[in-house]
Structures are given as structure tokens and as C-alpha cells.
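Engineer: Pulled from TrEMBL, these are the listed features:
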- 166-173, 191-195, 216-219, 286-289, 315-317: GTP binding site (BINDING)
- Ser173, Thr193: Mg(2+) binding site (BINDING)
- 1-159: domain 'Obg' (DOMAIN)
- 160-334: domain 'OBG-type G' (DOMAIN)
- 351-429: domain 'OCT' (DOMAIN)
Amino acid sequence: MQFIDRITIKVTAGTGGHGKSAFRREKFVAKGGPSGGDGGRGGDVIFRVDNNMNTLLDFRYHRKFTAKNGENGDIKNQYGHNAPPCIVKVPQGTLVKDADTGEILADLTELGQEAVIAKGGRGGRGNAKFANSANRAPTFAEFGEPGEVKNLLLELKLLADVGLVGYPSVGKSSLVSKVSAARPEIAEYHFTTITPVLGVVNVGELGDEKTFVMADIPGLIDGASEGVGLGHDFLRHVERTKIIVHIVDASGIEGRDPVEDYYKINKELKLYSEKIARRTQILAANKMDLPGAEENLQRLRELADKEGIQLFPICAATGQGLKELINAVAKALDEYVEEPDAEEGEKVYEAQAEDPDKITISRNISGEFVVSGKSLEKLVAMTNFGNDEALRRFQYIWRIKGIDKKLQERGIKEGETVHIGDMEFEYRE
Ligand SMILES: Nc1nc2c(ncn2[C@@H]2O[C@H](COP(=O)(O)OP(=O)(O)OP(=O)(O)O)[C@@H](O)[C@H]2O)c(=O)[nH]1
Ligand SMILES: [Mg+2]
């Protein structure tokens, strides 16, 4: 199974129900008051962490999620029902980003955690809501507010306890396949593993439930911290692990020196992130069955002493030494204390809180005027321009916001086109 950890999807929240324009008709009452009810809210799109999911694979064939629209308001002051939310299940550890802006919308790390990712629109107000002393019988109602539409980038950082790092072909996949049920491809050429594979490792004897998750990641090479050999993609996966098992090829069969390899890989880790560099490492000297391994092991022991790390000679091919290694990893996990999230890691993009009432005027490529502003665009979407009164209300707001004046300052002429949101107007004094 391929492990997909990035995917783009589209979510659309429900539009609010339209407000109703209606009047009471009662016997013996000559003119009933306005009685059109409000529309109901459109459904939100809510993401929820589901503990039965481990990957983003399900999204490969289901990339669009749409919540229902709110019900329209009705006569006799009846409000439309709010629409239920559309629940999107995601695995624990899913990072939700706005694909268009890069903004992080949610970091879903806890089981059962929920986040509203796209908000449903509010219902339009019925004509009853617009009655006041000046206009006791308004004939217009509002349309529902459109729901939010978002393109999303979902990222799943592997939630593995242990990450395997090392040059290509040192035997990372061989180790994972020996200690877990995972079956990553194993071969003598470099970059056999191109996507991370998770393996669940059983530590205890039969009946003892102790397990941890080990991530087999693609081999690292020099320059990985700068992205060489997909380095960034791979190192991203090591970020959330608790312990690193660093594998070297003790036999040096490919012509590299395992002691040098150890330092070079650590240099790349450090260049990528200080936090990864501080993580506990356990060194595994693999391919102990091959000639030359014993001599190098002596030098690796000196290295381990000097650096104060644990070293385990293993043979992933035969399974020799693996039990000791796994027990040591389990012990290190027991002793692991989480490092508080400091300055590092992904910077949360600060969404500039845009003033919804701010109005800006610009020209599009055809030279036509474009008036933008959140509240104003919303007002346009919710106004029923087919109704004279609604139109007058719109013009009133337009005037008190001083938009006419602003357009005149920009030199607008009679008959020119003005865009607001999806609407187009011809300018008239
Ligand atoms: N003799 C011997 N060969 C081994 C041992 N462990 C792995 N190999 C061989 O080394 C080669 C590479 O093994 P892999 O497990 O694919 O190495 P890897 O680190 O996952 O490699 P990449 O995925 O390319 O980074 C394969 O031909 C394995 O059979 C071992 O303990 N002894
Ligand atoms: Mg591999």
C-alpha cells in the first residue's frame, strides 16, 4: 500500500436559506403586518479526528465535500431549519491548510478533535425583520449568505514513535520488515524506499500488548537538509518521532565509512532542524555478517563512547541482535519526555484580521471599477435586486458608506461598469 500523506480537496459550506417576504392575512384585519420568516443557517464543514483512519488514502477518490443549504424562511414568521454540518473524518495528525493562501486552518492532533473548516452562511432575514417605524410594511427579504468555499491541502505527518535514518541501502527496510508486519520493498539499489512505510513493532512477549510504531523512511544523502534527494519530504516525517534509530552499514560494503556516515547524516539533521538534532539516537551497526564489519564495529564503539549514545550491532538479514535493539528502543520510549514546542517547527501563518467594513476601489484589467470589501460583498450576495425596496435599502447603505463619493474621486463617469463580488452595475448618478 502506498502511503499518501498530502492531498488537496475542496469543501463547500451550505448557503443560508432565503428570508421570506409575506404578510399576515387575518380575518377582520384589513392590513396584516409583515410576517416572512428568516432562512436557516447553511451547514458548516467540520473536520473530526477518527481513530480508525491512519492515512489520507480515502480522500483519493472523494475530494469534494459539500454541506447542505439552510431551509428558506416561510410565511407566518416560520424560520427555516438550520442545515446539519458535513463531517469530514481525518486521521490523527492531519494538518489542514488553505491551499490558496497557505494559511494553517487546523492542526488536528488529538483523538476526537474537531474544527470548523468552512462556515455555513447565515440565513437571510425575512421581511418581518425589516419593519420599523418608518416602514411598517417592508416587501423585501434577504437572500441567504453564501457558505464558505475552500480549497484545502491536507498533510499527514506520520505519527511514528521511532524514525529510522541512514544512507540508502544500509538496511532500514530490512530492519522494519524483520521486526514488524510491514513489508517494504528491499533491494540493493539506492532509494528503493520512496515513500515512508509504518510498521507496528511488538515489544513484549505474547500476551503483553506493548507496541510502538516505527517509520521506515527513504534513505538520506548529503544535502538532504537543502532538499537534495527529496530530503525535505523525508525529514518532515522524522519531525514528530520521539526516538531516532540511526542505521549505518558496518561492513562499508558500498565503499563508505560508517563512522563518517554517522557524522554526515547528523550534520544534515542538524541543518534541517535543531529539534531533530537534539532527539535521542540509538545507533545500529548493520550487516554484521559481512567481512570488515568487526573492525569497523571497534571504531563505532569508540564513537558511541565519545558521543554518549547506545550502540547495537545487528544483522537485519538474519535477525541477530534485533531483540536487544528493540528492547532498548522501547526503554528509551518509556523514558521519553516531550520537548515543549518552541520557536521551531512550522510557523503558524497569522491571518491578517481584515476589517470586514473596509472598502477598496480598484480597476480590473479592462479598466472597469471593482469595489471590494467583505461586508459589502456579502450585502450584494444577500440583496434581492428584483425588489424595489430592497434596491433602495442597498442604495441607502451604499450612500452612507460613501462609496459614491469614493468612485467620483477616482473619476468614475456615468454609464461605467462597477463590479462588486459577482454582480455588475452600471453607474448612475
Ligand atoms: N548481508 C547483509 N545484507 C543486508 C543486511 N541488511 C540489509 N541487507 C541488504 O542491503 C540491501 C539494502 O537493504 P534495504 O533494506 O533495502 O536498505 P534501505 O536502507 O531500506 O535502502 P533505501 O530504501 O534505498 O534507503 C538489500 O540488498 C538487503 O538485502 C544485512 O544485515 N546483511
Ligand atoms: Mg528502504
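Glycine is treated like the rest: Cβ placed from N, Cα and C.
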Engineer: Can you give me the same-chain residues 6 or more apart in sequence from Ser173 (Mg(2+) binding site) with a CB-CB distance under 8 Å?
Structural biologist: Pro184, Glu185, Ile186, Thr192, Thr193, Val197, Asp216
Engineer: Long-range same-chain neighbours of Lys287 (GTP binding site), Cβ under 8 Å, sequence gap at least 6?
Structural biologist: Val170, Gly171, Asp249, Ala250, Ser251, Ile253, Ala293, Cys315, Ala316, Ala317
Engineer: Just to be sure I understand the packing, how many Cβ atoms besides its own are within 10 Å of the Cβ of Thr193 (Mg(2+) binding site)?
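Structural biologist: Looking across every protein chain shown, the total is 22.
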Engineer: Just to be sure I understand the packing, how many Cβ atoms besides its own are within 10 Å of the Cβ of Ser169 (GTP binding site)?
Structural biologist: 22
Engineer: Restricting to the domain 'OBG-type G' (160-334), what is the model's mean pLDDT?
Structural biologist: 88
Engineer: Ligand 1: which of the binding-site residues Thr192, Thr193, Thr195, Cys315 have a Cβ closer than 6 angstroms to it?
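Structural biologist: Cβ < 6 Å from ligand 1, in sequence order: Thr192, Thr193, Cys315.
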Engineer: I'd like the Cβ neighbour count for Lys172 (GTP binding site), meaning other Cβ atoms within 10 Å of its Cβ, all protein chains included.
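Structural biologist: For Lys172 (GTP binding site), the count of other Cβ atoms within 10 Å is 31.
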Engineer: State the three-class DSSP label for Lys287 (GTP binding site), counting H, G and I as helix, E and B as strand, and everything else as coil.
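Structural biologist: Its secondary structure by DSSP: coil.
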